[in-house]
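Look at TrEMBL and you will find 31-49, 55-74, 95-119, 125-144, 156-176, 182-207, 304-323, 344-364, 370-390, 397-417 tagged as transmembrane segment.
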Amino acid sequence: MFTKITKIQNNFNSNLRRIIANISWLMADNILRMGIGLIVGVWVARYLGPQQFGLLNYSMAFVGLFSVVAKLGLDSIAIRDLVRNSAGEKEILGTTFSLKFVGGVISFLLAIGILFLIGTDDPQSLWITGIISLSLIFQIFDVIDFWFQSQVQSKYVVYAKNGAYILANAVKILLIQAKAPLIFFAVITLGEVAFSAIGLIIVYRLTGYVFKTWKFNFSLAKNLLKESWPNIMAGFSIAIYMRVDQLMLGNMVGNEAVGIYSVGVRLAELWYFVPLAISSSLNPAIIQSKQDGEENYYRRIQKALNIVVVLAYAVGIGTMFFAKPAITLLYGTKYIDASSTLTIYVWAGVFVSLGLIRGIWITIEGMMRFGFITTLLGAGMNILLNFLLIPRYSGTGAAIATVISYGFSDYLILLIYPPSRKIGLAMTKALALDLIISTLWRKTK
């Protein structure tokens, strides 16, 4: 009996070590990205100025709407299936890759078609958006990332994507030194995605895996698409309410407003890698805990929620104090209005963090349709609030709209709908600082 207990304990410790190591790799990856991205991003923003920087961000927001079609809602489903059925990895990877290739081509053609359909008087805008749209096709190689995530081996993805990121940012510095025009910054935006794809291919081969063993299974493809279509619709809704603020701001106010707003948003989102790394690393363990019983399953979810909320509160409070001096120091007085955007938008991080854990729960429970409906309602609310607030408050109004709509779709709806109320209440406990209160309570006992 003691041997059995020891074996279970060793397995638990081994799994815990793998999770911690995986989080550490993801954190190291994103800390490096945050540091380089902040320095080079500030440099690019200062060099281009609010007008051209706004145009570049507007184009990326437009292309971002179509990335949903490229993903086909398969990301979380593929990871889940690889965790549950690692023996079927070749068919899962091959089928997912084939579907995403078709999705990538369709999304590129859609982006180009709609771009010409809506028309613009600025040829430069057409070229920039068209170039960035090519990145949609290269996203198919993220399938390799799914495999390493399912095996809790994100360090290999870190190698590949960090190499691409460092190379792309080095090129941006050279472009600034050469006083290159805006279109070259669009090219390197595409280049980063292409470099990342090449890096993933290299690490996959170096770790002993081969692509020729991947197989396409038509029956599996049908099942994946049948299950993923709510994810596609939900993803499109997510893309709308993550990008619509910049698109509406550009159309209703102008590219300069987008440039200033983008600076605030980028700083507010700098830390998002932390809850993303935590949720990505805990995902396999939460999936596994479902098989160990509901009590253990929701205990793991509660712990994950507690951690990400405490982090979000800490970031939000800190940002409130340092927003204005940070904007002035980094970007200069041209971007000073971004400070009001930053102090408001940073609180969206609380609901983004909750939403990451919510996404895991939805996938495990197979409630993709519910996820789609809640996200669609959130997107609709965001559009309505942007329409009402942007004309009066510009970027500040867009930030307010984002925080309210995120809170509505990622938290409030879960309390209203009975089947999701249990996780909604878990979120409420997390928002009430359950982690700190329970820790203090244990110490007083």
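Even glycines carry a Cβ here, placed using N, Cα and C.
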Touch test for the transmembrane segment (304-323) and the transmembrane segment (344-364), at least 3 Cβ pairs under 8 Å: yes
Among the ranges 125-144, 344-364, 397-417, the one whose Cβ pairs under 8 Å to the transmembrane segment (370-390) are most numerous: 397-417
Dominant neighbour of the transmembrane segment (55-74) in 31-49, 125-144, 156-176, 182-207, 397-417, by Cβ pairs under 8 Å: 125-144
Stretch with greatest number of CB pairs under 8 Å, the transmembrane segment (182-207) reference, 31-49, 125-144, 156-176, 397-417 candidates: 156-176
Distant-in-sequence neighbours of the transmembrane segment (125-144), which means Cβ under 8 A and at least six residues beyond its ends: 55-56, 58-60, 62-63, 66-67, 69-71, 75, 78, 93, 96-97, 100-101, 103-105, 107-108, 111-112, 115-116, 157, 182-183, 186-187, 189-190, 193-194, 196-197, 200-201, 203-204
Stretch-level contact, the transmembrane segment (156-176) and the transmembrane segment (31-49), CB cutoff 8 A, at least 3 pairs: yes
